[in-house]
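Step one of this worksheet: look at the structure below.
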Amino acid sequence: MVFSSNVFLFLFLPIFLGLYYLSGQRYRNLLLLVASYIFYAWWRVDFLALFAGVTLWNYWIGLKVGAAGVRTKPAQRWLLLGVGVDLAILGYFKYANFGVDSLNAIMTSFGLEPFILTHVLLPIGISFYIFESISYIIDVYRGDTPATRNLIDFAAFVAIFPHLIAGPVLRFKDLVDQFNNRTHTLDKFSEGCTRFMQGFIKKVFIADTLAVVADHCFALQNPTTGDAWLGALAYTAQLYFDFSGYSDMAIGLGLMMGFRFMENFKQPYISQSITEFWRRWHISLSTWLRDYLYITLGGNRKGTFNTYRNLFLTMLLGGLWHGANFTYIIWGAWHGMWLAIERALGLDTNPQRFNPVKWAFTFLLVVVGWVIFRAENLHVAARMYGAMFSFGDWQLSELNRAQLTGLQVATLVIAYLTLAFFGLRDFYRNARPTPKATPVQVNADGSIGLDWTRVMTRALILLLFVASILKLSAQSYSPFLYFQF
């Protein structure tokens, strides 16, 4: 089940919210857990056993780590056992096929018989719920959060359906108080609805339209320079609007239930360095990698060379987290290399002024990286890079011109104008969120006033949301890109 589907919008969500607000406070976490398992089982019922098993395992390990004491040797042994089993589960389901295929390629080159392995199906969301479980037991070990004895709350944290499939990557220590006591207000619910609709519009109106352009350009066997750059730019925008759209919808759903999740994007394409980019892109993952991998490797505490090595390894493993493919490994290495270079050069990664040259160079590095991230294999990536940097024919090929529509071109232009407007607005506000406000305000004399700008903005969002639903009914199924990770 996906958020941008009729089943979710018109069946699952209304029934869940109705039951949620009709039930008492003490039963809401249990209802959330049951609903989240139903949501997950809509994909495959049989993987619920794995999901529940991982949850119970980390709940038990958390208790053992907590009982052993903060940062003690016994606690460390329990922690290593817990993390080891978690990574073994993730490694089997996510990397077994890749590992066997790579090994077989080597063996057959020497004339040896290949291994035979039944194809291992990747459970949806496993990368996210494994990482969240690992962060919990590490936080218990570090003393950042006590081990919970409330199995319902912990299981609901792991399973909570708004973020279950594609993040944000949540942490128990940030949400434990909200599970125990969260507020439900009309303002928060209204904010959640607006945020959900914004994400839905991003996904259906922009990302799904640009997906057709990107898919066609990457599929061309002999792309021109124009084809390759069009595909790269279309995918760059598609990925942002798709993934940030999902995050907006997840955050909005959380608000409807009284939760406030962390922000996952802060206008990343306005960045003037790769370091700044990773403070703005997929924030929940980048901070997870920093806190639980980079720091564990030693961070910047063990000399200059080790700092560069740790930056590189963190991003290399971050690339591998995205999938079992050499393309993701190279993408991670690409970003790790530039993070290390920027640290070595001592670049200003907190700019107070907008520098077009720094921005353009950073954006170019990001776009170049997205090409190999999107490519199915190294051959496709090489084909795209060869066309992009041959600087040959900037005209679109006949195949591309025949497929490209005016709506797709207009959507691409609108996407980048939107990115530029909100990115520059965010930069000149020093990345501070706008003060919370509501369309309806009570004046000093007790009269009711309306902020017509906000009223019209929300009316436009509602109109576009309805139009997006109509568009959704006319197009084929289009899952979120990060479902595959």
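Note that Cβ sites are derived from N, Cα and C of the backbone, with glycine treated the same way.
Features of the protein shown, as given by Swiss-Prot:
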- 7-24: transmembrane segment (TRANSMEM)
- 39-61: transmembrane segment (TRANSMEM)
- 78-100: transmembrane segment (TRANSMEM)
- 115-137: transmembrane segment (TRANSMEM)
- 150-172: transmembrane segment (TRANSMEM)
- 312-334: transmembrane segment (TRANSMEM)
- HIS322: active site (ACT_SITE)
- 360-382: transmembrane segment (TRANSMEM)
- 402-424: transmembrane segment (TRANSMEM)
- 461-483: transmembrane segment (TRANSMEM)
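Residues of the same chain lying 6 or more positions beyond the ends of the transmembrane segment (402-424) and with a Cβ under 8 Å from any Cβ of it are 205-206, 209-210, 212-213, 216, 233-234, 237, 240-241, 267, 269-270, 354, 396. Below 8 angstroms of C-beta separation, residues 1, 31-32, 35, 38-39, 42, 184, 253, 256-257, 469 of the same chain, each at least six residues beyond the ends of the transmembrane segment (7-24), sit close to that stretch.
Between the transmembrane segment (312-334) and the transmembrane segment (78-100), three or more CB pairs separated by 6 or more residues in sequence fall under 8 Å, so the two stretches touch. Remote same-chain residues near the transmembrane segment (150-172) are listed as 2, 29-30, 32-33, 35-37, 39-40, 51-52, 54-56, 58-59, 62, 124-125, 128-129, 131-133, 135-136, 139, 179-180, 243, 246-247, 249-251, 253-254, 257, 259, 261-262, 264, 282-285, 288, 480, 482-483, 485 (criterion: CB distance under 8 Å, separation of at least six residues from the stretch ends). The transmembrane segment (115-137) is in contact with the transmembrane segment (78-100), judged by 3+ CB-CB distances under 8 Å for residue pairs 6 or more apart in sequence. Here the transmembrane segment (360-382) has Cβ contacts under 8 Å with residues 214, 218, 232-233, 235-236, 239, 268-269, 271-274, 276-277, 322, 325-328, 330-331, 334-335, 338, 388 of the same chain, all six or more residues outside its ends. Secondary structure from DSSP puts HIS322 (active site) in a helix. Around the residue listed as 'active site', taking its Cβ as the centre, 20 other Cβ atoms fall within 10 Å, counting all chains.
Non-local neighbours of the transmembrane segment (39-61) in the same chain are 1, 7, 12, 78-79, 81-82, 85-86, 89, 123-126, 129-130, 133-134, 136-137, 148, 151, 154-155, 158-159, 161, 164; each lies 6+ residues outside the stretch with a CB under 8 Å from one of its CB atoms.
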